[in-house]
Amino acid sequence: MSEAQAPLITEEAAERGLASSGSRRLSDGGGGQGSRKYRRRSDALAHGDRYQKAAALVDLAEDGVGIPEDVLNDTRFGRAMSFYFVYLRLDWLWSLNIFALILLNFLEKPLWCRKDALHACDQRDMYFLGQLPYFSKTESLIYEGLTLVILVMEILCPLSYEGLNIFWRSTTNKLKILLLFILACDILVFAFSSQPFRLAPYIRVVFLIMTIRELRMCAITLAGLIGTYLNVLALSLLFLLFASWLAYVTFEDTPQGKTIFSSYGVTLYQMFVLFTTSNNPDVWVPAYKISRWYSLFFIVYVLLGVYFLTNLILAVIYDSFKEQFAKQLVQVDAIRKNILQKAFELIDTNTRGYLDREQCISLLNELNKYRSLPKTSREDFELIFAELDRSGDFKVTSEEFADLCNTIAIKFQKEPPPSYLEKFPFYHSPVCGRLKSFVRSRTFEYIIVFVLLINLVAVIIETTLDIENSSSQETWQEVEFFLGWIYVAEMALKIFSLGFGAYWMEGQNKFDFVLTWTIFIGETLTFAFPSKLPFLSNGEWIRYLLLGRVLRLTRILLQVQRFRVFVATFFTLMSSLMPYLGIVFCILCMYCSLGLQIFGGIVYAGNPTLEETDLFSNDYLLFNFNDYPSGMVTLFNLLVMGNWQVWMESYWQLTGSSWSLIYFVSFYLISILLLLNLIVAFVLEAFFAEMELEKGEEVDIQSPTSGGIKKRRSMRVRSKGTMVDILLHHMLSNELDGSQNS
């Protein structure tokens, strides 16, 4: 298999389906006449009929990650898949081990403690250390040894189902073996000597990136645009060098030149910080005092550097980023299409080039057994087949079949079950009919919103009186207790009018039901037994629940279509942004480890040099690099650009070396100028793309045509992964077309 060849069977989907289908007995029917029933997907792949094999492959194709294609074509396929699914059943252990590796960075004792003084880290107040406990050297070695053993098992387990030849062709596997060897050597060196530097903290983060597929794809995408980024950085450097030289020459004989721009190196540094606007306008105050016209120089510099050059860098980088990202998506789509083509060929035994209605329904019936989606009715099978059959000829071609993963992700809206009260005659009386109509009306909704507003006012007043220790607080507590009865009545009326099944189908109603009963029971017990139950007599926890109830006011915003789109976009964006936020976290971990090894232990009470720094005068001593938790918080402050030059200049003074500037400047260039700007640009484009998708679905639902009616029946509730996939394809449609045509 060539290096570019991608794995075919998805690990994540296999794990998910295994968990959902392996614990229940499969129902009869479907999958062809007289088909055997298999409890696990591995059994179906090895021994099942063509529908069961195809269903397993379709389910595995959803996430696009898995074992190499060679294994699918191997004569020992059944045995290989048995080992593969054993490996997947241990996924919880592999995930827990990766988490343990990252956690070790926070718990191991900093190296400077072992180097400078044996008990230095016990003096937490002196060194401004965090509150997490530290492992001793013996404890760290035991912990690292256990994680190393599990890591070896995880990396070498694929040999059981891939074989040595296929395993060793993968660059990823080779890199893992190399890193594993370096990690083992680092642990051995650490066990027998005390070195001021270790590679283990960095390797742990690399393993995190290589283990999580989304992080790995994100890292590959970012690596692909390094060349473009270096080109625009060179342009920015030329601009900075020229502007610094111009500033140094212009203000040479002025107080600005004598106090701030004393040399070209200092001028270059100050102009770089001004490029980030962190020292604006402090850096040019001396020049401004001499002549107000000098401000034009700095204003033009900031406008060109911040609002033109920085945005130009962002535009070039984001364009390259989309191109690299599109290549990744094209590869994922090709993997999925390849697997679905194999599933199609398994069913199309007569090589007709299409699947008929009965074949598709048999496949969907088998998918019911393997997928984690709710069991689908026969009527829904017809709708899915209609979605696939875009040509309307009652035949699903291989091209139409390629959209199966997106189509089966649709969750069809079910008819609510009838109320249990339907069998009683009084439920159909005119009085009950008017009551049910009233509960379903807008008027009833407005009344509840009005009560919620009163509840909000009551909570604010009661909380204020509690802070002031006023005796009037009890009156407002009684008001809140009375309002609680209104919510119970609201819940009862809705269940009576809609039926519990229809009531429980709405997520908002589930939230209201749990919250209402929790608050009502808590308030009742508090009023009934105010002194016998100490926990309940403390009304603080009920107050927080009352504030949670007020969150129901968000339903007012959801009545507005634009706000509803905002909420939907927010949740979709959070899912799509997680890999990039994860990469930012990994960068922070890398720089935190480096910061501990470079700057660890130099910030401590009694250091005479420390008292001369801005770190001391601004009371930023707790934000240091003396231990891992403190370092992560410090880097977060640098990430948000909050007086970041204070740390840069203070550590310059503390170390006495200008080389320390490289640490902070490189962090700015990688984390802020590159990653955060990419995230901002990604959020902007993703927001507009999601708005277009939401508006398009709104038009489809409101369409009076038969297609609109059909869309109305199929409530498109997709998994987060599917929603993100659709959003990314919509965002990068132009780039994807270009990649596929090239």
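Backbone N, Cα and C atoms are what each Cβ position is placed from, and that goes for glycine too.
Database features, via Swiss-Prot:
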{"type": "TOPO_DOM", "residues": "1-82", "note": "topological domain 'Cytoplasmic'"}
{"type": "REGION", "residues": "1-44", "note": "region 'Disordered'"}
{"type": "TRANSMEM", "residues": "83-103", "note": "transmembrane segment"}
{"type": "TOPO_DOM", "residues": "104-140", "note": "topological domain 'Extracellular'"}
{"type": "TRANSMEM", "residues": "141-161", "note": "transmembrane segment"}
{"type": "TOPO_DOM", "residues": "162-176", "note": "topological domain 'Cytoplasmic'"}
{"type": "TRANSMEM", "residues": "177-197", "note": "transmembrane segment"}
{"type": "TOPO_DOM", "residues": "198-204", "note": "topological domain 'Extracellular'"}
{"type": "TRANSMEM", "residues": "205-226", "note": "transmembrane segment"}
{"type": "TRANSMEM", "residues": "227-247", "note": "transmembrane segment"}
{"type": "TOPO_DOM", "residues": "248-258", "note": "topological domain 'Extracellular'"}
{"type": "TOPO_DOM", "residues": "274-296", "note": "topological domain 'Extracellular'"}
{"type": "TRANSMEM", "residues": "297-317", "note": "transmembrane segment"}
{"type": "TOPO_DOM", "residues": "318-446", "note": "topological domain 'Cytoplasmic'"}
{"type": "TRANSMEM", "residues": "447-467", "note": "transmembrane segment"}
{"type": "TOPO_DOM", "residues": "468-480", "note": "topological domain 'Extracellular'"}
{"type": "CARBOHYD", "residues": "ASN469", "note": "N-linked glycosylation site"}
{"type": "TRANSMEM", "residues": "481-501", "note": "transmembrane segment"}
{"type": "TOPO_DOM", "residues": "502-510", "note": "topological domain 'Cytoplasmic'"}
{"type": "TRANSMEM", "residues": "511-531", "note": "transmembrane segment"}
{"type": "TOPO_DOM", "residues": "532-540", "note": "topological domain 'Extracellular'"}
{"type": "TRANSMEM", "residues": "541-558", "note": "transmembrane segment"}
{"type": "TOPO_DOM", "residues": "559-582", "note": "topological domain 'Cytoplasmic'"}
{"type": "TRANSMEM", "residues": "583-603", "note": "transmembrane segment"}
{"type": "TOPO_DOM", "residues": "604-627", "note": "topological domain 'Extracellular'"}
{"type": "TOPO_DOM", "residues": "643-663", "note": "topological domain 'Extracellular'"}
{"type": "TRANSMEM", "residues": "664-684", "note": "transmembrane segment"}
{"type": "TOPO_DOM", "residues": "685-742", "note": "topological domain 'Cytoplasmic'"}
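Stretch with the largest number of CB pairs closer than 8 A to the transmembrane segment (227-247), among 177-197, 297-317, 481-501: 297-317. Counted as Cβ pairs under 8 Å, contacts with the transmembrane segment (177-197) are highest for 141-161 among 141-161, 205-226, 297-317, 481-501, 664-684. The transmembrane segment (583-603) is in contact with the transmembrane segment (205-226), judged by 3+ CB-CB distances under 8 Å for residue pairs 6 or more apart in sequence. The C-beta environment of ASN469 (N-linked glycosylation site), restricted to residues of the same chain at least 6 apart in sequence and closer than 8 Å, is empty. Across the topological domain 'Extracellular' (468-480), DSSP helix (H, G, I), strand (E, B) and coil residues number 8 helix, 0 strand, 5 coil.
Counting residue by residue with DSSP, the topological domain 'Extracellular' (604-627) contains 7 helix, 0 strand, 17 coil. In the predicted model, the topological domain 'Extracellular' (468-480) shows an average pLDDT of 77.
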